[in-house]
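Listed features, source TrEMBL:
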type	residues	note
TRANSMEM	52-69	transmembrane segment
DOMAIN	97-135	domain 'Homeobox'
DNA_BIND	99-136	DNA-binding region
DOMAIN	144-346	domain 'TLC'
TRANSMEM	149-168	transmembrane segment
TRANSMEM	193-212	transmembrane segment
TRANSMEM	274-297	transmembrane segment
TRANSMEM	317-338	transmembrane segment
REGION	353-391	region 'Disordered'
COMPBIAS	355-368	compositional bias 'Acidic residues'
COMPBIAS	372-391	compositional bias 'Low complexity'
Amino acid sequence: MVFLTATSESMAYILKTLNSWFWWENIWMPINCTWADFVDREGLVFPKPHQLYATIPYAFVLLIIRFFSERYVAIPLAKALGIKNVRRVKPQPNPVLESYFRECSRQPSQSEIKGLAKKCNCTVHLVEKWFRRRRNLEIPTVLRKFQEAFWRFSFYLTSSIVGFIFLYDKPWFYDIWQTWVGYPFQTLLPSQYWYYMAEIGFYWSLIFTLGIDIKRKDFMAHVVHHLAAIGLMSGSWCGNYVRLGTLVIFVHDTADFWLEAAKMFNYARWEKTCNILFIIFSIAFFITRMILFPFWILRATLYQPTYYSTTPVIAYFLFNGMLLTLQGLHLYWGYLIFKILKRFVFLKDLKDDRSDEEEEDSLTDTEEESTKSGTKNSSGSSKHLLSSSHH
C-alpha cells in the first residue's frame, strides 16, 4: 500500500514537471510575455489551449454527419452516375489456403499454387480462383471508394468556400506581413475559432477511421500528414499564430476538393470529366503547394518573424519544422502526380497507382459447381476441393 502511494505521488510529480516544461513561456511566446498577458480583457479575446479538447467531440459530430451523408446522399448520387453495388463472391472456407494467404503470401507463385492444390486435393485452377476471390475481398468496392471520396469532397469544398468567406475581407489575406502586426496580442475572431475547430476535428475523424478507410500505397504518408496537421494547428492555436494558420488551411483545402471530384467521376467511368478535373487539380496543387506554400507561407514563417524579434522562441523552430515536413510531403505527392500526368500525356492512361484493382473471376458460381462435379468424378468427393482440413 505504501509502495503504491509512493508510486502514484512520483507519477503525479513527473506529470506536473512535464506539464510545467511543456507550457514554459519561453517556448511559446516572445520575451517579456507571460501567460497572464493572454487573459481576455475588453476588446481582446485570446485562444485558450483547453479549447482544443472540444475538437474531439467535434470529430465525432463530423463522423455522424459523414455516416448520414455517405448513406443518404453519396449512395443515391453513385446510382445516378451509374455505379452499381456489386456483390463480391466469397471463396469457400478453407483453413489451409486462408492460413497461407494470411501468413505467407497473397499472390503465391505457380509452383506454390501446385503444392497447395495437391495439399487441398483440388485443381490448380480452383486454387487460383480462391486466391483471386480472397484478394478481391481485401479491396474496397467501387461504391465504397465513391462514398469516401464524396465525403472528403464535401468537406474540402465546404471548408474552401467558408474559408474564403472568412478571409476575403481580412488584410492579411492580401498582405501576409499583416499576420505579424500586433503579434502576439491579436484578438481571436469567432470565424477563426470555428474554422480551426472544424478543421482539427476533421483530421481527428480521419485518424479515428484509419482502420476502416481505404488503404493506399501512400498510407503512411497520410498518417504523417494527419498527425503533422493536427500538431501544427494545435500548436499554432496555443501560440496565437491563428492568422497564419487560417492561411495554411485555406491553401491546402482549395486544391484537395478537385482531386476528390476527379476520383468520384473516375469511379463512375466518366473518363473525360475525370481527366479534366484531374488536370485542374494538378494545376491547383502545383500553384498552392509548390508556389504559394513555400514562397508565401514559409517565407512568412521563416523570414518575416526576424523583423519583429531578434531572438526567435522555441516554437518558431517547432512550427517551421512541421511546416517543412508538410512541404516534404508536398514534394512526394507532387512527384506521384507528375508520374500520373506523364503517363496520361504519353499513354493516355490516368490510372492511380496507389490503389489496387479488383481482379475478375474467370468462373461464375454455376461454372464452379460444374468444375467441382467434374473433379468429383475424377478425384473423389467434391467437398474436399476447397475445404480440406489441416494435414
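Numbers here mean position along the shown chain, with the first residue as 1.
Positions of Cβ are set from backbone N, Cα and C atoms, glycine also.
TrEMBL: automatically predicted annotations, no manual curation.
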Return the stretch with the most CB pairs under 8 A relative to the transmembrane segment (193-212), choosing among 52-69, 149-168, 274-297, 317-338.
52-69
State the residues, same chain only, that lie 6 or more residues beyond the ends of the transmembrane segment (52-69) and have a CB under 8 A from a CB inside it; answer 'none' if no residue qualifies.
150-151, 154-155, 197-198, 200-202, 204-205, 208-209, 234, 237-238
For the domain 'Homeobox' (97-135), how many residues does DSSP put in helix, in strand and in coil?
30 helix, 0 strand, 9 coil
So what's near the transmembrane segment (274-297) in sequence-distant terms, Cβ-Cβ under 8 Å and 6+ beyond its ends?
176, 244, 247-248, 251-252, 254-255, 258-259, 261-262, 265-266, 323, 326-327, 330, 333-334, 337, 340-341, 344, 350
